[in-house]
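Colleague: Here you go, one structure.
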Amino acid sequence: EGRVEVYHDGKWGTICDDQWDDRDAEVVCRQLGLSGTPKALSWAYYGQGSGPILLDEVQCSGNELSLDQCKKSDWGQQNCDHIEDAGVSCDPFTGNPLVQDPAQLPCMAPTRAARCGGREQGNEGAVRLAGGRSPGEGRVEVYYNGDWGTVCDDGWTDLGAQVVCRQL
């Protein structure tokens, strides 16, 4: 988490928070290789930068791989002061995380595999799809504490599905 700064034409600069939202934050987190719940922060939440403000009016759809692919003003074209520097949190504990502690989810239903001595091997937090008609669809399951379990659909949106698809 922190103030977002970009490098362009040999210099670092900040981004103005005009139009700045969670879809922009999602792209920043992806570009940095960070997971978690993307959250956009405005009004120099992480402090004012110095030097040039390089971007303004950033409007990502949320699916881009980098800010450069988003709709935005031309580099260096802006009408802002540093009090409007944009920030991002990619912290998995901010906002409403896609998957909370599975032990706390009321509709968490552990499923055990028959192989590997009754437990399927997996990495903590890994996801898989089960019961679908093809490998690209099915019930979302998360590996937690040695078991695979389902994910409650309360608050489930297309954004959650996009995250799972990228994780797979």
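Numbers run from 1 along the shown chain.
Cβ atoms here come from the backbone N, Cα and C positions, even for glycine.
In case it helps, TrEMBL gives these features for our protein:
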DOMAIN    1-91  domain 'SRCR'
DISULFID  Cys16-Cys80  disulfide bond
DISULFID  Cys29-Cys90  disulfide bond
DISULFID  Cys60-Cys70  disulfide bond
DOMAIN    127-168  domain 'SRCR'
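Help me picture where these features are in the structure shown.
Modeller: Here the domain 'SRCR' (1-91) has, by DSSP, the following mix of helix, strand and coil residues: 16 helix, 24 strand, 51 coil.
Counting Cβ atoms from all protein chains shown, Cys16 (disulfide bond) has 24 others lying within 10 Å of its own Cβ.
The local packing around Cys29 (disulfide bond), expressed as other Cβ atoms within 10 Å of its Cβ over all shown chains, amounts to 21.
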Colleague: Identify which of the disulfide-bonded residues Cys60, Cys70, Cys80, Cys90 has its Cβ surrounded by the largest number of other Cβ atoms within 10 Å, counting every protein chain shown.
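Modeller: Sorting the candidates by Cβ neighbours within 10 Å, the top entry is Cys60.
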Colleague: I'd like the per-state residue tally for the domain 'SRCR' (127-168) from DSSP, helix first, then strand, then coil.
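Modeller: Output for the domain 'SRCR' (127-168) reads 10 helix, 16 strand, 16 coil.
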Colleague: Anything within 10 Å of Cys16 (disulfide bond)? Look among the disulfide-bonded residues Cys29, Cys60, Cys70, Cys90, comparing CA atoms, and list what you find.
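Modeller: None, since no candidate lies within 10 Å.
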Colleague: Averaged across the domain 'SRCR' (1-91), what pLDDT does the model get? Just tell me the whole number, please.
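Modeller: Summarising the domain 'SRCR' (1-91) by its mean pLDDT gives 89.
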Colleague: Quick check: of the disulfide-bonded residues listed here (Cys29, Cys80, Cys90), which one has the Cα closest to that of Cys70 (disulfide bond)?
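Modeller: Out of the listed candidates, the nearest Cα belongs to Cys29.
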